[in-house]
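> Here it is, the structure in full.
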Amino acid sequence: MSAIYNFCAGPAMLPQAVMQKAQQELVDWNGLGVSVMEISHRSKEFIALTDQAEVTLRKLMSIPANYHVLFMHGGGRAQFSNVVNNFLGDNGQALYLVSGQWSSAAVTEAKKLVSEHNIDSINIVEQINGLYQVKLPDLTAIDKDYRYVHYCSNETVDGIEIFEELDSPWPIVADLSSTIMSHEIDVSKYGLIYAGAQKNIGPSGLSIVIVRDDMLKLPSLPQSSVMDYRVAVEHGSMFNTPPTFAWYLASEVFAWLAAKGGVSAMAEVNQQKAALLYDCIDSNPFYKNGVAPHNRSRMNVTFQLVNDALDSEFLAQAEQAGLVALKGHRIVGGMRASIYNAMPLAGVQALVDFMNNFAVKHS
């Protein structure tokens, strides 16, 4: 069977080696004669798995000792409300930086849970000479006592990524759902990091939350115990039955990434993949991209055909060539190639070859 390269934005492709290992041990995990899906989450075997998963993740991201690592239910949208409920009790206020669809959705969710007067937002994307780019505000010049400032590192729909580090007088809460472990970051600069699993970690239904000790002292709102960060810390992310198979696959992805040389090695490959694809777009008048080069996403490469009447044919022929899930988000249209950690360089090269050939045939 010819190779299939899956460019889906999420749930996204998993490393082939991880999928093959999961297939091999699906019905007999760890010599137990049963699947990892069938054992108690409180068994010594599963506890050993979860302990190792956290150890590996801490090493991969150099997570300081004063941070807790939580494996929680739900995706990024669940954390939109969890952050508010956990940190904005006693009339607390927060600032949201809006760079695209997902950060905007976080604002909308926050305003459902507290008064609109408690949530401030700043649009940080502007269009200059037809290209969208991020302009970070001077947060130190804002005279407000926010509990946190929230931003999304990468807008998967819009193809916009923020590479600059925020200089904030308040704790930073970051949605890293699509960039976690794609390049190195200094975790100590954040109050809380969250990431839905279905892009760079594993299957959907699981979120990783990395939270600093002092954040847990902030006043909270009444909420479900299942989504309370303090309860999750106290119970080792097992207040109730967690999504065990997703946790297992996440642990295997962490091990795979460590074996590949860690986050720094993965960052080099990700840079190569993105450069290869953007070079193809920029060098060919058949395609266009509307994001300024310094804010182009390395994870979600959005592009359009100059002649959009050819979109359907492009997608159909790409699928025939084993290049699937390239259709852009329904809000923005066009094409989107999601090239997370699991996408090999060979997959991006295959896409570039197809794009060049398609352009020649239809020019």
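Each residue's number is its place along the chain shown, starting with 1.
Cβ atoms are placed via backbone N, Cα and C, with glycine included.
Just lifted these from Swiss-Prot, have a look:
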type	residues	note
BINDING	R42	L-glutamate binding site
BINDING	G76, R77, W102, T156, D175, Q198, N240, T241	pyridoxal 5'-phosphate binding site
MOD_RES	K199	N6-(pyridoxal phosphate)lysine
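Help me see these features in their spatial surroundings.
In the structure as shown, the Cβ atom of R42 (L-glutamate binding site) sits within 10 Å of 10 other Cβ atoms. When secondary structure is read from DSSP and collapsed to three states, R42 (L-glutamate binding site) falls in the coil class.
Other Cβ atoms within 10 Å of the Cβ of T241 (pyridoxal 5'-phosphate binding site), summed over all protein chains shown, number 10.
Within the same chain, residues at least 6 positions away in sequence whose Cβ sits under 8 Å from that of K199 (N6-(pyridoxal phosphate)lysine) are A9, G10, A12, T156, S177, S178, I180, M299, S338, Y340. Under the three-state DSSP scheme, K199 (N6-(pyridoxal phosphate)lysine) falls in the coil class.
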> Per DSSP, to which secondary structure element type does D175 (pyridoxal 5'-phosphate binding site) belong, with helix, strand and coil as the options?
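DSSP call for D175 (pyridoxal 5'-phosphate binding site): strand.
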> Look at the binding-site residues T156, Q198, N240 and tell me which residue has the greatest number of other C-beta atoms within 10 angstroms of its C-beta.
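Of the binding-site residues T156, Q198, N240, the most buried by Cβ count within 10 Å is T156.
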> Looking only at G76, R77, W102, T156, D175, Q198, N240, T241, which the record lists for pyridoxal 5'-phosphate, tell me the maximum pairwise CA distance in angstrom.
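Across G76, R77, W102, T156, D175, Q198, N240, T241, the two farthest Cα atoms sit 31 Å apart.
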> What Cα-Cα separation, expressed in whole Å, is found between N240 (pyridoxal 5'-phosphate binding site) and R42 (L-glutamate binding site)?
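Here the two Cα atoms lie 10 Å apart.
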> If you run the three-state DSSP split on G76 (pyridoxal 5'-phosphate binding site), which class comes out?
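Its secondary structure by DSSP: helix.
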